[in-house]
């Protein structure tokens, strides 16, 4: 990576125009190549996890008393008599066609099941990201401007809590306080039972679906269920986003152009938002994007606490019942999402930030 | 250690420690530690974290003396009791004393965190140092593998490993270790890339030292400070992962007093008896905060490059 950087610099330094295209193309191809290798690695790792099982998958299907003939026939049918490399090639072929095998529990294709539960997680994580960013970015900016002031200390404590608190415990305590004692939020689940059949799934996002249908009582009910898990999930994003925003801002606030702008008589907040923040905006967007990936991870535990019928709960249920196809499928999907989000950030840097050119 | 040749010549231990001209490697090393401690001492939040960790470690060490009840003794007539003089943090769903269980739970938590650090730090350090020192295709291959591990969110990867290995505390430790080494490897590599260009490395190489010797004796010790700071920070997330696995029923198994497992069994009674979950969660939170505070402080002291 360091090599491409110096190459780009030396090439663009020698000439203008044409020379800018070539290094960027080479850089882009290199990134694409490394992403492909990473994806292949993801496939290999999940393949190995699927094969690490202490249980014999053939016996799991046939039972312990299977005859040798039946065993061999089943092994051949499952492709287990092939060399590992051939099995891996088959696996690759299948996942390229979104075929993660069938769930051992329900017998349905894992890909279908993941597609079915994913909107619930997306809705939760998206709202959490909106809350986390909406509070985290301004908090980080203000903390950087008023460094070592009380508000900076508050920001520090909030982010320390966000980093340190087990979100499943916050979920449990949140349910006790806000649902059981105060009764101001909905309980576990996405929606009250009586509304469940009132809603025509269009996008799979219940908030949007109910708003589209104009059913505001359903909307309110959905929101009352969504708000607590979203707030708790948002805390970790808030911690990360505010901390990183603060660091980026402090770095920029120490630059000389800030002093120059002050000397010109531009107001403090005008400098902060129009000059300084614009310089860190790309970095902040990167952090927000990455925090979205971490929210999907945090959702695994939060969903378990709130009986949220999403991806995380699906994965843990599959885990507990030893449904290996589903577990491997889920792991792969999350890994691919991570890689894609990272790639997105990388492209964003290349396209938006002129300093990387 | 035969080099303890210089006892305090005149004056106290303090002057010996502050002596600008150390006469033995030991004195130089202690001198260094003394300066770091003085720097750390000025950092109030790091000291607070250190104090919390000390309390937790003492609680774990002296759990048998401090516990007021047998942690497995059930008292079904007195289940889910509120905190009282008899049971300081109340009793759980089987009438077991929560306070005593928390003390023993500290042992398990520190055991998991410690063992994970002992497994993952050397792996990460070795991969990073070798990768950074040799460069070229060794670096490419090793960093590619590291990136593949980093491409998964650590909890999801740990879940997948545990599901393949089977639930249990030792498998949880293996699974978490497998996800904890890549960030350390990346850090150690970055450090090594700077170190390997130093003059003293060239000097050692000119003396004919082998690559193995250079890495083990001259590169790794220089990476250690920032790795230690990083591992301390990682402890916080390791503890959260371990508790999360315990909560999901994939880590420590009941009746183990592991904090996450305690929360898991308390969960069914939470809406009627919220306090059952309060104490174990607070314990996890405090431990994780303490590691974060100490890790931040150590990073400021040990890693001058980090801002």
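Heads up, the Cβ atoms here are built off N, Cα and C, so glycines get one too.
Note: TrEMBL annotation is automatic and uncurated.
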Subject >> Range annotated as transmembrane segment - as stated in TrEMBL, picked from B:148-166, B:167-185, B:186-204 >> reply: B:148-166
Original post:
Which one of these stretches, B:108-136, B:227-250, B:270-295, has the most C-beta pairs shorter than 8 Å to the transmembrane segment (B:45-67)?
Top reply: B:270-295
Subject >> Same-chain residue ranges lying at least 6 outside the transmembrane segment (B:108-136) that approach it to Cβ under 8 Å >> reply: 56-57, 60, 142-143, 146, 169, 172-174, 176-177, 180-193, 195-196, 211, 214-215, 219-220, 223-224, 227, 231, 234-235, 238-239, 242-243, 252, 256-259, 283-284, 287, 291
